[in-house]
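Take a look at the structure below.
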Amino acid sequence: MSSQDIPEENLPSEQGTAHGAVSVADEKHPFADPGLPPHEHRIQDIDERAARRSERAVALLFTLSMLATVGFIVSYVAIPHDKDIFVFPIGHLSALNFALGLTLGVALFCIGAGAVHWARTLMSDVEVADDRHAIAAPEDVRAKVHADFKQGAKESALGRRKLIRNTMFGALALVPLSGVMLLRDLGPLPGDKLRHTMWAKGKRLVNMNTNLPLRPSDVAVGSLTFAKPDGLEETDEDFQTQIAKAALMIVRLQPDNIKDKRELDWSHEGIVAFSKICTHVGCPISLYEQQTHHVLCPCHQSTFDLSDGARVIFGPAGHALPQLHIGVDDEGYLQALGDFEEPVGPAFWERG
Amino acid sequence: MSTSATNESRSRGKAPAGERVADWADGRLGIYSLAKANMRKIFPDHWSFMLGEVCMYSFIIIILTGVYLTLFFHPSMNEVQYHGSYVPLQGQMMSEAFSSTLHISFDVRGGLLIRQIHHWAALIFIAGMFVHMMRVFFTGAFRKPREVNWLFGFLLLVLGMFTGFTGYSLPDDLLSGTGVRFMEGAVLSVPIVGTYLSFFLFGGEFPGGDFVARFYSIHILLLPGIMLGLMVAHLILVFYHKHTQFAGPGKTNNNVVGMPLLPVYMAKAGGFFFLVFGVIAVIAAIAQINPIWAMGPYRPDQVSTGAQPDWYMGFSEGLIRFMPGWEINLWGHTLVLGVFIPLVIFPLVLVAIAVYPFIESWVTGDTREHHILDRPRNAPTRTAFGVAWMTVYFTLLIGGGNDLWATHFNLSINAVTWFVRIFVFVGPVLTFLATKRICLGLQRRDKDKVLHGRETGIIKRLPHGEFIEVHEPLSQEQLHTLTAHEQYTPAEIGPAVDENGVERKVKGAEKLRAKLSRAYFDEDSQIPKPTVEEYKEITSGHGHH
């Protein structure tokens, strides 16, 4: 038995024939197809005891599956849905999810393993050959089909009665237009909606986190503050759509550090307000580097220099972040002095 | 029931119940004619043939679990306040889509498991399709008569990607919402009609209140419906064409060698469904996926770092990340090349691999059927093209995760991005050349093995002191297997004069084809396989190599 475990080709060949001499079945055509190799018996084919062992293994797997299903039902009933367990080395898991998944997985896997083991050890493993047939039809079939088609086409008179043909094509070409028309109301036309945000002259800048209007003294040098226009509340029906355009980020720079003249003009005591929406594809920008005054979009890594008109210094964004002209109102709160002068967010054809 | 009773009932013309049901069905459905060709259909055996099965079974698993999820999911963007059992988000405003996903995850027993099985199965489905496609590509299984089935499979991959995208966007969480925003930005970049497309897609401005409901019908009905049809057609063609096989003793282009569908493959393939399902269930039990509660509901003004799409969208993410921010402003219009070019290249990357079978069959001019698979080494140019394509794909995948590469490997994100920008062009050239060399090397090794036999590792000392390694000749089976592949000769441009001796015009396409054919099949691109004469000459001389 032990020598049969090693395939023939791994054994060292006999010294006499090993070097140079060759014994090939077909001396004339050494590369010819020798045909299907003879079937090699498995242990189960010749030893009934081994076959019974395989049978028991398959039955055991199917039994395990049944037990696992019982385990699934028990887990479903017994384990509270908010219980956590610690499983090394994975960590904390929902106990219910863990138990249900494991029992279901074992129940399914054992059915599969049993079936495959059955097929591999007990079903016939004799390889047989089946003939292939050409996919293309034989010539007479081909001729018949062509003739039939010509006959049918002729009887329809489609080629002869051009008026019918042309009007039919016309009708078929037009009728899908109704379907296209029906798509019109999928949405309103863009108009100039992408050009305007909620910001307007006199709108106060409200801190996104505290929901309180901002004073210049609330904005420290080196900090990054997010703001929304006064009057926009989370409970508003169009909050998501409005904040998608109006989200603002505020930083305070030393006025000497501001390189861009317009940026300086539109700032207040070094406080500058820029659109938070990236000009690349619209992610909210949220990473601020105090020392360099760079902001980085975490989605595609476009980097903008807030001390230089928020121009792009790295990454795929195509233009600078729009700046909001800000000032202070009578009561000392930061306010917008108008809407953004250019559209916020990703560029589009009509942006210009 | 006793034996005599059975015989009695037979003699009265009554067959067993199963047979009677089958007869009934045959009289109405003609199942016997169908079963005659298919019940004992022969399938060849090779581990790589089960990759397609993984896809089919994960698709079935996705459908089963997906139907369950629709029972609880509310495809609505109405804002509600959360009052479920996940404490950290209680009292927060969120869309119904998000809150119903939380409900599935925390309040429906087993809901989280089904959600995770659904998501894991989707990832495995698309990964399986990808690997299956590579298997078919590198073994040349796409050749006639299987080109149409290759396209069916390709469409399944593309539709699978979009079904996945619309699916993971449904919970309306912070991560997926960011992905949808990215898509909106990409749509906006389309010249002339971009804003209109975006407004029609979202029912107005982004995000509006419609896209979850719209993605829902696309995700659960439109795309899977088409995919189910394609999958059935794909399988019917597999049956109709009969499966390919590798060369070997007894295996020819005119036969199919293997074991019958009933019972062996019924048990093996049927069992394999349970194996795949079982493994995915265990993964879903222990490996958390898409924990939307940790990300929170979508807000257009919030984002988390490390935002990544599911892996199969990663290469499009790479395209958008490595692209320079080109923008052209002319006559009051903006051409957003920095976004639009990636949007155009995205389908082109996929189409490049999809059309390859047609290019190869044009170059070889081969119209015969091929049922014997190639070993990748025996088609060096094809293999090299495939590897070059994969290089582009995986470089883009690296580009799509440039932030993660930077943070996990302590690299500069700028350096990673620049690497991708350069390597996406240089990489495929390098890997093309290297792969071709490796294939040729392996062909030489095969040739050597055929002519000189297998190295046994046994060192022998000859009487005069020389040491040699003993080579063992191959069996005829091995000789046949190693020499069974076909080798094309390069196509020539036909004669420069026609049959009347008049100079004819050689078309550009003809020249290109001859050039490509040389690139595929000249002596630099394939090692001529050993001939019987060479073999006999070497093996007849005793005592020398």
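Including glycine, each Cβ sits where the backbone N, Cα and C put it.
Residues or ranges marked as domain 'Cytochrome b/b6 N-terminal region profile' in TrEMBL: B:21-247.
Taken from TrEMBL, the feature transmembrane segment applies to B:49-73 (among others).
Positions annotated as transmembrane segment by TrEMBL: B:117-138 (among others). Below 8 angstroms of C-beta separation, residues 48, 51-52, 54-55, 58-59, 61-62, 65-66, 69, 150, 153-154, 156-157, 160-161, 163-164, 167-168, 276, 280-281, 283-284, 287, 289-290, 310-312, 353, 356, 376, 382-383, 386, 390 of the same chain, each at least six residues beyond the ends of the transmembrane segment (B:117-138), sit close to that stretch.
For the transmembrane segment (B:150-170), the residues of the chain that approach it from at least six positions outside its boundaries are 55, 73, 75, 97, 101, 119, 122-123, 125-126, 129-130, 132-133, 136, 142, 176-177, 179-180, 183, 211-212, 215-216, 218-219, 223-224, 226-227, 230-231, 233-234, 237, 290, 309-310, 312-313, 350, 353-354, 357, judged by C-beta separation under 8 angstroms. Residues or ranges marked as transmembrane segment in TrEMBL: B:150-170 (among others).
Within its own chain, the transmembrane segment (B:182-203) is flanked in space by residues 165, 209-211, 214, 320, 333, 335-336, 338-340, 342-343, which lie at least six positions past its ends and keep a Cβ under 8 Å from the stretch. Sequence annotations record features per position, and here TrEMBL assigns transmembrane segment to B:182-203 (among others).
Marked as transmembrane segment by TrEMBL: B:215-240 (among others).
The transmembrane segment annotation in TrEMBL covers B:269-289 (among others).
Within the same chain, residues 133, 137, 142-143, 147, 150-151, 154, 157-158, 185-186, 188-191, 194, 315-316, 319-320, 323-324, 382, 385-386, 389, 392-393, 396 sit at least 6 positions outside the transmembrane segment (B:330-359) and bring their C-beta atoms closer than 8 Å to a C-beta of that stretch. TrEMBL lists B:330-359 (among others) with the feature transmembrane segment.
Only residues 6 or more beyond the boundaries of the transmembrane segment (B:379-399), in the same chain, are considered here, and those with a CB under 8 A from a CB of the stretch are 134, 137-138, 140, 311, 314-319, 321-322, 349, 352-353, 356, 360, 405, 416-417, 419-420, 423-424, 427-433, 435-436, 439-440, 443, 519-520, 525-526. If you look up TrEMBL, you'll see B:379-399 (among others) marked as transmembrane segment.
Feature annotation from TrEMBL assigns transmembrane segment to B:411-434 (among others).
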Mean predicted confidence [pLDDT] for the domain 'Cytochrome b/b6 N-terminal region profile' (B:21-247): 95
